[in-house]
Amino acid sequence: MLVLLSGGCFFGTWSSIIEIWARSKTYTHGFVIVPISLWLIWSRRDYYLRLVPTVAYSPLLAVLAGGFLWLCGDLSHIVIIKQVAAVAMLVAGIWVVLGHTVTLSLSFPLLFLFFMVPMGEELIPALIEFTTTFTVKLIRLTGLPVYRDGHYFTLTSGSWSVIEACSGISYLIASVTLGFVFAYLNYSHYWKRILFMLLSVVVPIVANGFRAYMIVMIGHLSDMTLAVGVDHLVYGGVFFGVVMLLLFYLGSFWRDPPFTPIAIVPRKASVSSTPQQLAVSVLLLAGFGIWQPLAATLLDKQGQLALPAYVATQALGDWRQTADPKWLWEPKFPRAAEHSKAFYSDSHGNSVGLYYASFGKEEQGAELVNSENALVSAVESRRLRISATDTLAFALGQQTVTLNVTVLKENSGQVLVVMDSYQLSGEISNNRYWVKARQLVKHLSGDTSPELKLVLWVQPDNDDIASAKRLLTGFLTAWLKQQSI
């Protein structure tokens, strides 16, 4: 019943989990998590059948906490938070029904359910950086000259790069999942289980560094005839398999004696009365069911957001609205609900572009903060490239304004300087985490003030980047002062 209740109340969240399992090879293991969890319980069924479940009311607080976490994820459009919350609520609901003693005994199989959540992609940049650094250091220790530029490095025999597929995230997730099961089946002491699970995290990360080094050396020593195609993946997969076998083999030396069922029976074995069962059912139904309607109500208010009238201001101090100079690029966010664009020039003939976008009632993929809101689209990248990035901060009144600075360069050699940031409740920041947190607070409080993506850009004379930054900063300051920010 709990599964049906959770599936009905959070159908969209559970569907998103299954969709990711189906489309991403990294998370295909999600399909076997529930069967494995059930098998872990079945393997010790003689022990669990001796335990007597008793209803516990205090875990209802955990159900409500999980529901609030789901609400926060829904309002801030962070899918992984919603997915973690859905699993947490299911586990907390089981805790309510079975009670403290039985749930404690089932803690490992229940915690294993969190492996259903497709998480870990946020670790990819750090894993790429570690793998690149580790590989380059080993190459230098070997005595070979190597030049590194970010995640690219060059040897005398050829060039290499560490991309997402080389990050080792798939190996890490597989190792942690298998390590969890191995620890549960082979150790009865919690400290051994925790230690082995830590090893299952560290070993694949380090092993992936050695794997990358091995691939590079095979390619180098074979004059780039081996380990540069499909065999690249074969070598890596075989190496990872050997590492996992060694890890489990070594772990078996410290295995505890086979589990002996010794039931921990509650002081008083009682059967829940019908009124008690009804009360628990009503409380769980309320604890699971209130969050979707509440989220819908708050998101409806978010849908009322609109662009402010000041976007189209004709004059800003010394700046006057002017015609479109037809530069080589302008910002485009196709999923925005509303947007506004204007150009201004000063008394010296300098022109700047101003663009604002509002995403209104955000939907998945059409959000204020989203990786798809790139300055340069895939099509535009054929003629434009990002040649430099930086951040800029300056004080204005009681706040600090922070912006991203990007230099775009066309194939013809023409340059554009672009500044972008976010504006919420009169504050401007380029910190995506701050924006998400601020959005959440706004939505929970019913604040319907605009949430906007701000972009300023200029095509500098003589490719003078420093002057372009000063020009854009001066214009932004005048524009913000007019708003009395």
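Note that Cβ sites are derived from N, Cα and C of the backbone, with glycine treated the same way.
Looking at the stretches 25-42, 403-420, the one that TrEMBL records under the feature transmembrane segment is 25-42. Of the candidate ranges 25-42, 77-98, 194-221, 233-254, 77-98 has the most C-beta pairs within less than 8 angstroms of the transmembrane segment (54-71). Spatially, the transmembrane segment (169-187) is adjacent to the transmembrane segment (25-42); three or more Cβ-Cβ distances between them are under 8 Å for residues at least 6 apart in sequence. Annotation: stretch 110-128 has the most Cβ pairs under 8 Å to the transmembrane segment (25-42), among 77-98, 110-128, 233-254, 275-294. Packing against the transmembrane segment (110-128) from elsewhere in the chain are residues 17, 20-21, 24, 26-27, 29-30, 33-34, 36-37, 40, 80, 83-84, 87-88, 90-91, 94, 103, 151, 162-164, 166-169, 172-173, 176-177, 180-181, 184, 205, 208: each is 6 or more residues past its ends and has a CB under 8 Å from a CB in it.
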